[in-house]
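Asker: Mind having a look at this structure? Questions to follow.
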């Protein structure tokens, strides 16, 4: 069966995210390692890093970081591009200190320069990040998008082309978000739509490249090019889409993280985790 978890807040210290994922019964954690709304956020203190590593050892599950939404790795503007690279380097440094397994990153927007130019710029900027970090670094997982505006990643081949264009392809992978895929036009709630999505993965980045799922239902219709998450089974995707994914033997042991609303805090996460486990036949 897949491993189920959630994105948890690191308010009050990153080690609190580990505490909270254990408290809700999660098996995998995603978090922001610093304030994702700031370009130069404060890094976790040495004491918090130590507490995180101690709790993480007891937790035992995979841990992923989500890079700041401010980072546009496909930006071709010199100053903006350098700022994005610097922010991702700092993210890698924090994740290395914490022992995080991989960083999730949106592939960015080409801002009118064109898809091809954006893909090449994303690959070059990613290469610069790995070149600067050197040695042992977390993996970098490119997340698909709903394809809004000039964002890359609506088509899964965008991710494949970024990976292929990078000198560090062996350190890159894919995070597949169900709500984003649905918004981009993959009808995951139907047999044919699910098959098409899996074929695009297989003949694009490759099934082995998928290392993480964001499991989110969608408030908006298939192909809307919008990104609006809701609780599992309560949106346009519906429970049938998740039954199909959660019971696909190809992804039997994959980590799957909720990014669903938390209007009543941890209670919402517990309900969504229970729904996922029920749909997976646990």
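Each Cβ is built from the backbone N, Cα and C atoms, and glycine gets one as well.
From a predicted model like this one, the values you see are computed outputs, not experimental measurements.
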Asker: Pick from 143, 234, 239: which one does Swiss-Prot list with 177, 214, 259 for the same Zn(2+) 2 site?
Answerer: 143
Asker: Among 106, 110, 168, which is the one Swiss-Prot gives for the Zn(2+) 1 site where 66, 143 also bind?
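Answerer: For Zn(2+) 1, Swiss-Prot names 66, 143; of 106, 110, 168, the listed one is 106.
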Asker: 227, 229 bind Zn(2+) 3 in Swiss-Prot, but which of 7, 180 does that record place at the same site?
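Answerer: Candidate in the recorded Zn(2+) 3 site: 180.
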Asker: Show which residues of the chain containing residue 66 (Zn(2+) 1 binding site), separated from it by at least 6 in sequence, have their CB under 8 Å from its CB.
Answerer: 7, 30, 31, 32, 36, 103, 104
Asker: Cα distance, residue 229 (Zn(2+) 3 binding site) to residue 259 (Zn(2+) 2 binding site), nearest Å?
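Answerer: Rounded to the nearest whole number, the Cα-Cα distance is 7 Å.
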Asker: I'd like the Cβ neighbour count for residue 259 (Zn(2+) 2 binding site), meaning other Cβ atoms within 10 Å of its Cβ, all protein chains included.
Answerer: 17
Asker: Same chain, not part of 143, 177, 214, 259: whose C-beta falls within 8 angstroms of the C-beta centre of the Zn(2+) 2 site? Give them in sequence order.
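Answerer: The answer, listed by sequence position, is 104, 144, 175, 176, 178, 179, 180, 213, 216, 257.
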Asker: For the binding-site residues 143, 177, 227, which Cβ has the most other Cβ atoms within 10 Å, all shown protein chains included?
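Answerer: Selected residue: 177.
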Asker: With a 10 Å radius around each C-beta, find which of these binding-site residues (106, 180, 214, 229) has the fewest other C-beta atoms nearby.
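Answerer: Lowest Cβ count within 10 Å among the binding-site residues (106, 180, 214, 229) is 229.
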